[in-house]
Each structure stands twice: as structure tokens, then as C-alpha cells.
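To start, the structure under review is shown below, and the notes come after it.
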Amino acid sequence: MIARILRGSAGAAGALALAVGTLGVATGPAAAAPQPMGQCTTRSGAVLAVDFSDWGGPIMRSCGTTPTTGYELLNQGGWRTTGTGHDGPAFICRIGYSGYKGGKQFPTAGQDDCVLTPPATAYWSYWHADPGANTWQYSQLGAMLYKPKPGSVDLWIFGGTNIEGTKGRPTISPNQLRAHNSRPTGGSRPRTPDGTKTAKPLPPGTDTGPAPERPVTERPAPKPKRDKDKPKRKPKAKSSPSPSKKPSASPSTSPGTGAKAAPRPSTKVVDAAPAADAAHDPGSWAPAVLTGALVLFVGGAGVYAARRRRRAE
Amino acid sequence: MPPRTAAARTSVGGPLPSGALTGADERRLPRTLHPLAWWIWALALATAVSRTNNPLLLFLVLAVLGYVIGMRRTEAPWARGFKYYLYLALSVVAIRVVFRAIFASGVTPHDHFLFSLPHIPTPDWYAGIQLGGPVSLEALLSAAVDGLRLACMLCCVGAANTLANPKRALRILPGALYELGVAVTVSISVAPQLVQSVQRVHRARRLRAGRTKGLRALRGIVVPVLEDALERSLRLAAAMDSRGYGRAGRATKTSRRLTGALMLLGMCGLCAGAYGLLDASTPKFLGLPALAVGALLCVAGLRLGGRRITRTAYRPDPWRFEEWAVAACGVLSATLLFTNVGFDAAELNPSIYPLSWPTLPLVPTAAILLAGAAGFLAPPPLPVKRPEKAAK
């Protein structure tokens, strides 16, 4: 019955979809792609960081092209999320990366069954840092609605953040996570998932550097190495909303001077290269058929009993 | 046990019609089960349903409900209502699916795109709600499964209403709540009586070759039905008044006030306790202690209020082995689903993102089928006498 309703509505909406197809496409997902970490610069690309320290893991960091949503950034290049049964996929209940523990998603099914909205004491909270800013903002929008700016950082931490975002703030600073190169470094073919060698330009030791609150004197392009790369990323950087303001605002935090310690030195920052999605097994249809037979049998027995009684009376 | 046999004989009205009951039922004495047993069974099953999102288990619950109702339904007016609960359940699922399609929760690149509704752009400050847009198979399926769970719980309550006699159920209400119980019983019996009234007026119009369809006929039917309802309520009021309903009994003003205060405080305690239990950030004393104090106050209030009501001991509802068996079936099935023994809790909530076939875990399946055992554990219902049926 439900299937019939679904099919009926799908058919009816088919014509409608044709009529308004352009509208749907216009608002559809933007063409975003995962990138090796080196492709993110201070002015282009959005950095995604996910804190797995609750399960003894590192903070994983990756990069994506910018016309994107927070959700897409978190669902490309091997990253996958799970929503809740109650709120749909837009509520991020679990996050997994295919290169970390075989794509296992956290929190695990034992910790949270992701049927209802998770409690405010243990959930993934979403933080942004605008290009150049060194403070985290608790996201006022859901992952599907928020559109990261080029050069910004998105962070997901797990724990008990209150709804105002005043308690349970991230312990790492945006400057420890963001890209500090002003030009893309590394592989020229960013879309290939095996461009893992480009994850190297910012080894953990370098970028968990200090996080000065005061604006440091401008020192752009701390790592212009491997610049043989064609400057095909240039035009993209220029197309960012306000190219004149953003670079000056970004302090670039001189990664070489790692004197001041990070707030939580135990948590490593690891670059997560674009990877293939973790394999998904859709399972077998046999239980569904078995249940169908069982339902027919039990229901049929009830109908038979009722009918026999009525005939006898 | 002589009274039991005598009661059965009089209500059956002579020997049982042969073949009226199936197989083993022929050897058993027909009687109505204690309404509380049916309610325990149905509410336990509803609790079990609330635990799972697995469509296979949910369909199985519906089948089990259908089986038990088919086996043990009486011919009373309230016993014919299950069909309407099914319609209600279907509309719940439909509303859920339509709402999920309109208030789109977004399509991800991994989803199966179905169709696209016209997207109504909302301003930035109102970005929390999206109207229209692409709709995926996953979104509709998750809405349907979520709706199906609610529908199943509705059907469980519907089954209890179908199987248990609401008028007998009034007896088990605590004395203090008896005004409430009277109101509930009167309102429960309204719907079947309205249906009967409509049918009667409809038949009368047909006999007089009047219109039975269309808008003008509607007026001709609605007015007599309303009149009928008014007359009946006046008759009912007079009958209840003459039987002494609504009198205050021997209760004094202070005892009534004390009862009210106790109940109100108790309810506040229960609310605070439930809130404290569900919200982890509240202080500790608001949880279990508040709940316990609230429950205690409520029980005291009910006890005190119940003292002014004297009840007849005429025709008591017995609580025998069958009642224990039916209630235990339901409670055991809910317990099995909540203990997580012998199966993975994830199997109760199969993933929809990404889409995968639900599995049929063995223990929950057995638990739900066990609840279906109520269909033959309960005594067979009293058969209807022929002449009564002809007179209807």
C-alpha cells in the first residue's frame, strides 16, 4: 500500500519535476570535489577538520573546492555521515572516514543508536572560522544550509557543547588547522583520489604551530615549494568574494615558529587525503521475503478464524 | 465453581452452536477476558514497537494484531472499529511522507533522486526551513518507516479498544477518577451510536423514496441525527441522575480539597521527575526522587478520593490463568525487545542512509510472535445469539 502511494506520488510528481526541473537543478548540489590538502590555500578551498579524539584518534583534516555546503564537504573523498531516523541526513549523528579504522563511523551504534536526536551532552557540534579569523563560531546553520567561504575552516567536535556554543568549545585554534600556503601545492590532478602524496606539504609538526591572537606582520606564502605547478588555481582565488581584504586579514601564523604550544598537544592533526568511499553492503532481500510470507501466514490465520466463526453463527 | 458455569449458561443462551468455535476452542468455556489484561497486552506491544524502526518487525506486529483481533473479537459495537484505526494509521503514514517531501531535508549526492518539487526560496534569516526542492527515495522511505512505527502504536491502542469492553474497563479505574471514567465511557460510546443513528435515518429515507445522496440529502440526514443525539444525551443524563451518578457521597469539603491538593502536587512531582530523568543536565534530586514522591502523593490522593465511592460487587470480572497468560505474553515480548539479549540493537534500526535491506533478527521476531499467542491463550468470545442479530 505504501509502495503504491509512493509510486503514485512519484508518477504525479514526474511531470511536475519536468516543469520545474530548472529550479530544482539551480538549487541542487553544487559541483564540489575533494582535494588533497595542499590544494587548499588561504584564499581558496575550504578546510574540513573532524576531531576523533573522543575515540583516541587524531584530528583529521582535508580540503574541498568551495562552491559547496558543509554537508557536501563532509561527504566527499571518503568521508561519510549518518543522520538520525528522526531528523533525516541533515542532522549529523555519525561521521566516518574510509581511511580511519576502515571507514567506521563514530559514535558507534552502541554509543548512540541515531534514531532520535542525540542528547546535548554528546553530539557532533559544528564550528566555523572565517578566512583569516582565529576564533571559532558555533554554526547557526545546519550542515546542509551553511556554505563555507573560500579559505575558511570547518570543524566538527564531539562532546557536550551547549546550544549557545559557550561551553564545550574546541580546544584547538583555527590557525592550527587552516591552510597557510597562498598557492596550491602538490599534485596537479586534484580529482584523482590517489593524489595522496600531496598530503605531505603540511606535516603535523609544522601546522600545529602557535596561534597568536594579535595580527602578525604579513608574511605571505610561507611554503611556496613545488611551485612548478601551473598557476591554474590563480583565477579561482581571484574569484573569491573580496580578494583584497581576505589575504590581509589572514595572519598566516608563520608555521615555522612553533614555540607556543598547542592547547591540546596530545591530539595530532593528520591530513586525510581524498579516498574512495568505504564499501557498503546493501544486504540481502531474503529476510524481507521471509517476513512477507510470515505476515501472510499470520494474517491469513486471523482472517480464516474470523470467517469461520462468522459462518458458523 | 458454580457461579461461573451459571453465568456462562445464561449469557450463551442454551447449548453452543456446533462448529462455532475452532478446534480446541470448542472444549473451552467462552467468556470475556478481563479488560485490563487486553490493555496490558496492547500497551506492552506498543512499548515494544516504540523500540524498533525495522519495517519487517513493524509489519509483523500489524499481522499479529490482525490475527488476535480475528480470533478474539466480539460482536459488540466497539469491536468493529479496528478498520478505522487502520485508516487512521494509513493517513498517518501518508501525512508523514508528504510532509517530508514538502519540507525537504535535502538530497545528498549518494541518494537516489526521485523527483523535484518547486523550490520556494526563503530569506537568509529564515534558512532553517526549506520548502520544496529535490526529493530522494531515502527521505521518503525514512518518513514512511517513521510513520509506520507511529501507525503500529496507534493500531495497538485500537486493538485494545476493539478487544476490551470499555464499560467493564470503567470498573477498574480508581474510585477518585470515576467522574473522568464516566465521561470517557460516554464519549467512547458516542461514535458507534452515531454510526447506528446515521444508518437508521438513511434506511428510513430510502424506505420513503427520499434522496440518499447529494448535498440536500445530507441536510435531511444530519438534522435528524443531531436531534437523535441530543435526545439520547438527555435520556442518558436523566438515567444517570436517577441512578445517583454525580453525587458527592459522604465526602466533606476538606477531604475533597485535600484530595485535589494531593493529586495536583503528585502530578507536578511526576512531571518534574519525568523531566529530570530525560534531561541529563538537571539536578539529581529532580529525577527519581521527585518521581517517587509524585507517585506517592498521587496514590495517596487516589486512595483518599476513592473512599467516597462505593462500588457494587455484582458480577465481578475474574482474573484467572488466561488473564495472566495474555498479559504476560505482551509484557514478555516488550521485555525481550528492551533487554537486547541475543541480537544486535542495530538490527532494530536498519540504516536508510545508505539504503540497505532490513534484517529479520530472530529474538525480536520470536518476541512479537509470542505476543500473538494471546490469540489462542485468551478464552473464545461469547457467541452472539441469533435472534438478537436478526432484530438489529
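Placement of Cβ uses the backbone N, Cα and C atoms for every residue, glycine included.
Of all ranges given (B:156-175, B:176-195), TrEMBL attaches the label transmembrane segment to B:176-195. Between the transmembrane segment (B:56-72) and the stretches B:176-195, B:324-343, B:355-378, Cβ pairs under 8 Å are most numerous for B:355-378. Counted as Cβ pairs under 8 Å, contacts with the transmembrane segment (B:355-378) are highest for B:324-343 among B:33-50, B:84-103, B:176-195, B:324-343.
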